[in-house]
Structure formats: structure tokens, C-alpha cells
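**Q** Have a look at this one before I ask anything.
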Amino acid sequence: MSSKIDSEEDNSTLINQSKKEKGRNEEREEVQNFVIEDSELQPDLKQSSFGAVIAAYSFTQCIFSPLFGYWSNKISQVRLPMIIGFIIMAFGNLVYLSLQFWNDHYLYVMMFSRLIAGAGSGNVSLLRAYASTASTSKDRSKAIACVSGGIAIGSMVGPALQLLFTPLGAEGITFFGLKIDIYTAPALLCLVINTIGLLIVQLAFVEKQIILDNVDSSEGEDAPKVNRNN
């Protein structure tokens, strides 16, 4: 009797192991099929592609930041470079949104869009520079701290806002022929933010530059001169 029970337990164990192994094989086949299908649809995609797309934004930002600074110094204002930067970023996000209308070469179009958006974001360097030139020596540190804090908060909150679009999923919704899903909604939000920033700079921003001259060196007082560039 004991040996019969042991034999039945062994058979049951073998059956369970066989079922588990079969389940693992099916999962492997599904993954392999997905990879094969995906590689057939996207033959130019590699594991390093994601890193290249992410790096593209920072690459052009590093290049265009000093160029925006040089241009701003050349024309003695920050308004125009800021506006052009917002326009460039908006165009980059538009290119990203157009990915759904391309039949192939998605990787290169996405990288191109990130390169453009990164170039436009080079105007961020002008904010700290303007904070130092548009403030007196008394409140300069406070002004620079506020600008730096705003940039830091935006860099921290911005990526987290993508969680708001999770309910859209991969299917999303179609609005006037434009598919808005978990992947395209962040680009649309960035486009809206770019437009708002452009309007604020164009309509509400009053540019001031305070040139500090030491008039009374014995008393160490600064006499500010205000130049307005509207």
C-alpha cells in the first residue's frame, strides 16, 4: 500500500513538472515570436537605440546652449533667442507627434525630433544669465536661486506628469485624425507648454538689464542704470 501511494505521488509530481515545463516553453515561444515579429517590423532597432535617442536631446542642448548665449550677448537681449528656442522645441515635438504617420524609419525620425527639441532647450542657459544681469547686487543671489529652483522643479515634475497619461494605454483616442495615447500625449503636452512659454515671453515679459557702476568707491554703493529692451 505504501509503495503504491509513493508511486502515485511520483506520477503526480512528474505530471506537474511536465505542465510547468510546457508552460515555460510556451512563454519562450511567445517571447521569441514577439522579438521576431518586432525585428521584422523594425529592422533598424537595436538595444542601443534607446540610449542614442535619450542622449540626442542632451547632445544638442550642450552644443546650442553656448550658441544661444553668444547670440544673446551679440544682440544685447534675451527675448528673441528665448522665442526662437521655444519655436524650435515646439517644432521638435511636432515631429515627434508625426511619428504615427510615418511608414518606416521611426527610429531616425524620433532621433531627429529629439535633436531638434534639445537644440531649442539651449535657451534655458539664458535664464540664469538674465537673472544675474537683471538684478541688483543685493537681490542677485535670490534671483539666481529662484531661476535655478524653477528649472530644477520643472526637470523633476515634468517626467512625473507622464503618469497622468497611463490610463490612455497604447490604444489611446483619436482626435481630428491624431492618435493620442500613452506615447504621444507627453509630446502634445510639451507642445502646449512650449506655446504657453512663447506667449508669456512675447506678451508679458519686460526685459530689463541693470548695469552696475561703482560711483562712490569710498562708500561702496552701486548706482544702477536701467536699460529697457522691449
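From the backbone N, Cα and C atoms, a Cβ is placed for every residue, glycine too.
All annotation found in TrEMBL is predicted automatically rather than curated by experts.
Feature list, courtesy of TrEMBL:
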type	residues	note
COMPBIAS	18-29	compositional bias 'Basic and acidic residues'
REGION	1-29	region 'Disordered'
TRANSMEM	50-71	transmembrane segment
TRANSMEM	83-102	transmembrane segment
TRANSMEM	108-131	transmembrane segment
TRANSMEM	143-165	transmembrane segment
TRANSMEM	185-206	transmembrane segment
**Q** Report, as numbers and ranges, which residues of the same chain sit near the transmembrane segment (108-131): CB under 8 Å and 6 or more residues beyond its ends.
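**A** For the transmembrane segment (108-131), the sequence-distant neighbours (Cβ-Cβ under 8 Å, at least 6 residues beyond its ends) are 44, 52-54, 56-61, 63-69, 72, 78, 81-82, 84-93, 95-96, 98-99, 102, 140, 143-144, 146-148, 151, 190, 207.
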**Q** Count the CB pairs under 8 A between the transmembrane segment (83-102) and each of 50-71, 143-165, 185-206, then give me the winner.
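**A** By Cβ pairs under 8 Å, 185-206 leads among 50-71, 143-165, 185-206.
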**Q** Would you mind listing the long-range same-chain contacts of the transmembrane segment (143-165), meaning Cβ under 8 Å and 6+ residues beyond its ends?
**A** 124, 127-128, 131-132, 134-135, 181-182, 185-186, 189
